[in-house]
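Below: the structure, in structure tokens.
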């Protein structure tokens, strides 16, 4: 079962006439690695298993960095459509750029398996944390839910429904660290126009919305699941329970739950109101954006702990960032998303989340203005924001996306690391010839765009100092080092 193809979003065809029109996005670099998986990674212990395979810890041989890999066994796939679903999962993951959504690095395929390589989270599942703590206080639950609603709002703005939100699909970056969660497992996620409905009973009994069971539904099924998660965090037990799935689903269909248990005596009316607003019919169920503005989150959510000095220095870096050539932008994007560690960007992520006051996972002109107007007059702040958007918003979305922010504020010496530059060059030099050709740039950067050949030749010409029509490592290195 699944959604009707007529309701799926079809990606628009974008025709690019010159290099300036080229949009560089993190997903450009989530590509299939042609080498054998075990040449690139050392396989570690199992983190869990499912219907089609397992998840394991791995070590990236080139960097000694810990990552996770989702291994999909082809012999366990019931139909070829299962393999197609895996490719759809990869395509969804590669399009996402949010601090609370798992990042995917690359994927592999051999005769027996597919491999999706992702960020490693060392803190385990939120489900395990619930078992350990029994229940959470409201401030702690609000910290988790603010991040979850931010991720869900971002997904829904991107036309994506997750369809299986549950504590098992929320990871903690580090043990006990509820300040940094990651949403995972997009195997049942689907792209759907926000105004359309879909069919197909997909999800987990405790968390599934009643409309999913009865017929057609839309993105609001994810909000029902969020309501169940809040209930469990605060009470330590689910709102819809039973001896088996059949009993649970019967209660879900009736939407029969209560706050009668004594554990709810010490829970605020605001928390109960939010749960009620989520566990309600779709016509009255609130959106993720509305949830982010709910009084309960306003009362309990606090900005990440980051010093004023760090915020000021980050804002300063954002001000001095200058737009560069498309190739340099592409190299910087690759290094920011594929090479730089989570530890290197932790403080910048805190600043981003602090500035993202509405929690939608991107920075608007208004949010930037709010910060710059603290240190300068409104007219100067407005001009500054306009200049920053022109320089930093490389995909012309009208917002500063997460990677755009990190790329603009990260120490330029980190991006110019010799090891990172060599890794980037090797990715661009797809055939390993020692030079980068126009056709190699096209394969890596075109994405879904239709570009005339002169676009790629123009990019080459701008950095090809010896005039041989290709880019060697010295020329490649120069475009990064010249800006430091």
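Just so it is clear, glycine is given a Cβ too, placed from its N, Cα and C backbone atoms.
The ATP binding site annotation in TrEMBL covers 70. Every protein chain shown contributes to the tally, and the Cβ of residue 70 (ATP binding site) ends up with 27 other Cβ atoms within 10 Å. Residue 70 (ATP binding site) falls within a strand when secondary structure is assigned with DSSP.
Annotated domain 'Protein kinase' per TrEMBL: 41-297, in sequence order.
If you look up TrEMBL, you'll see 343-378 (among others) marked as domain 'EF-hand'. Mean model confidence of the domain 'EF-hand' (343-378) amounts to 94 (pLDDT, 0 to 100 scale).
Same-chain residues lying 6+ beyond the ends of the domain 'EF-hand' (380-415) with a Cβ under 8 Å from its Cβ atoms: 23-26, 97-99, 314, 317-319, 321-323, 329, 332-333, 335-337, 340, 344-345, 348-349, 351-352, 361-365, 368-369, 372-373, 480, 483-484. Summarising the annotation, TrEMBL assigns domain 'EF-hand' to 380-415 (among others).
As annotated by TrEMBL, domain 'EF-hand' applies to 416-451 (among others).
With a cut-off of 8 Å between Cβ atoms, the residues of this chain six or more beyond the domain 'EF-hand' (452-484) that come close are 16-19, 21-22, 322, 324-328, 331-332, 412-413, 415-416, 421-422, 424-425, 428, 434-439, 441-442. If you look up TrEMBL, you'll see 452-484 (among others) marked as domain 'EF-hand'.
Remote same-chain partners of the domain 'EF-hand' (343-378), defined as residues 6 or more beyond its termini with a Cβ less than 8 Å from a stretch Cβ, comprise 98-100, 146, 149-151, 153-154, 157, 180, 289, 292-293, 303-306, 310-311, 314-315, 336, 384-386, 388-389, 397-402, 405-406, 409-410, 414.
Taking H, G and I as helix, E and B as strand and the rest as coil, DSSP gives the domain 'EF-hand' (452-484) the counts 20 helix, 2 strand, 11 coil.
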